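A.B. asks: One structure coming up, written as structure tokens, with questions to follow.
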Amino acid sequence: MGNTCRGSIGGKTFQGYTQPEDSSCSTNHNPSSGNSYSSSDNFSPTSNAQQNSNHKKEHSLSLVSPRKASMNRSGSNQAYYVMGHMTPNIRDLYTLGRKLGQGQFGTTYLCTENSTGAEYACKSISKRKLISKEDVEDVRREIQIMHHLSGHRNIVTIKGAYEDPLYVHIVMEICSGGELFDRIIQRGHYSERKAAELTKIIVGVVEACHSLGVMHRDLKPENFLLVNKDNDFSLKAIDFGLSVFFKPGQIFTDVVGSPYYVAPEVLLKHYGPEADVWTAGVILYILLSGVPPFWAETQQGIFDAVLKGHIDFDSDPWPLISESAKDLIRKMLCMQPSERLTAHEVLCHPWICENGVAPDRALDPAVLSRLKQFSAMNKLKKMALRVIAESLSEEEIAGLREMFKAMDTDSSGAITFDELKAGLRKYGSTLKDTEIRELMDAADVDNSGTIDYGEFIAATVHLNKLEREEHLMAAFQYFDKDGSGYITVDEVQQACIEHNMTDVYFEDIIREVDQDNDGRIDYGEFVAMMQKGNPCIGRRTMRNSLNLSMRDAPGAQ
């Protein structure tokens, strides 16, 4: 069971480990975070069996401080529209079923999509309990971040968000295999090989978040669910209630998270995304030993231990664990954030890599990878992506908006060549100027010499948006001006004029897409064009292949 002299993950030895008494930590109150304060305050989209284990966790490992009875926040009750706009009625699209879980701010239900019969989880957050503007922003930001990260195979996929007079409903894929937390309790600790595989998944999520300008801030085993109870590696990160967007070098000061996992710089109120790597290091230590590296009988005692940073590698089972594993933990739990491994460096560590072989090159930054994909598209597909981008909701593109603002350093509303070059290099790119110029020209569809906001969104939007029928149909109808069901040469020419596209051979566009050689493009041919060459289109889409190295930016780590 690991180091039983200092407590266990099951809480069978030291109750002080399981329930810290000192609640002096001023952790952030966040209504959209289902698991951020108590393991029984759970919005997780899981099965009944998992939810029934919550009373057990209250007596096994309380990882966070209790909520304050009152909040010292200013602000009025929530705005009428938390999401800022009207949405369809969720009951027109889904049938809500049995309750999966109950939290302080709402309830998670099983829901069934009326049109397909597919099952999802619906987290319904009570608007009555959103008592300040900050509460509203927390919920709105969680939805934005879930949309921004959608497509990564180890992050729960958001299906949609809806609002009625009483609730905000977040519909997402259902994960019925239980929590990683419960697996740790059942096993005590994992073998090194299994722990390495799980760490690769968890740190892969961290890298994906950081690469897209998101800091998680509350990683812990309860926030990872299993899609399939028979597969330990079918992990999904499920709770982004404390997550925030960040820019390279940005410093955060609010103390949030969970005591056993919190990084020392968070307690010192001066931190950035490297705090997530510390937290992942704590999880790795627990996976291998069954106990947290920093433990005490009170919450303040835990914080004191974190600030001292002493890691116990002497007690059982550490003498039997490889030096390579210990080396990785030391480098993830380095007290100096600037000297701590980045998420990408963790994934390249010999203990993590299969057969001890690290990747021979850095992965492309996400924005760079998407720009490369965009540059290879034909003119019609580029215009169609612009049309689709303009139809996306605010919450779907909020993350890309933040990235655009980070690159548009003079706030002109357009990214120049120098800004694109500086932005890509700040985020980890090593492209030559000529290569950056080629990407610039590809994204600058209207040949203005800069990339405006609409062009940036079109060029960097995740291609999983092309799965959605309503987006494809809307784009097709944009080009099919006369509603004939076909896109003709004249209609392509008209669209090019509207988008200020020059040097376009209209007949060549038609010829490339027209599969039946009738001189026009029908809807099926249009869809085939839009999905051709999209890597891993569908639920298998991995954003690991689209890594934006904000983690490597000066001042970000």
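Residue numbers in this text run from 1 along the chain shown.
Positions of Cβ are set from backbone N, Cα and C atoms, glycine also.
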A.B. asks: Out of GLU402, GLU419, which is the one Swiss-Prot records at the Ca(2+) 1 site of ASP408, ASP410, SER412?
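C.D. replies: Site partner of ASP408, ASP410, SER412 for Ca(2+) 1, according to Swiss-Prot: GLU419.
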A.B. asks: Pick from 141-171, 203-233, 327-357, 358-388: which range does Swiss-Prot record as region 'Autoinhibitory domain'?
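C.D. replies: Within the set 141-171, 203-233, 327-357, 358-388, Swiss-Prot attaches region 'Autoinhibitory domain' to 358-388.
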A.B. asks: Would you identify which of the binding-site residues ASP480, ASP482 has the most other C-beta atoms lying within 10 angstroms of its C-beta?
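C.D. replies: Compared across ASP480, ASP482, the most Cβ atoms within 10 Å surround ASP480.
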A.B. asks: When you average the Cβ positions of ASP480, ASP482, SER484, TYR486, GLU491 for the Ca(2+) 3 site, which other residues in that chain have a Cβ within 8 Å of that mean position?
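C.D. replies: For the Ca(2+) 3 site, the extra neighbours are PHE479, LYS481, GLY483, GLY485, ILE487, THR488, ARG520.
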A.B. asks: Output, ordered by sequence, the same-chain residues six or more apart from GLU491 (Ca(2+) 3 binding site) with a CB under 8 Å from its CB, or 'none'.
C.D. replies: PHE479, ASP480, LYS481, ASP482
A.B. asks: Please work out the number of neighbouring Cβ atoms within 10 Å of the Cβ of TYR486 (Ca(2+) 3 binding site), leaving out its own Cβ.
C.D. replies: 19
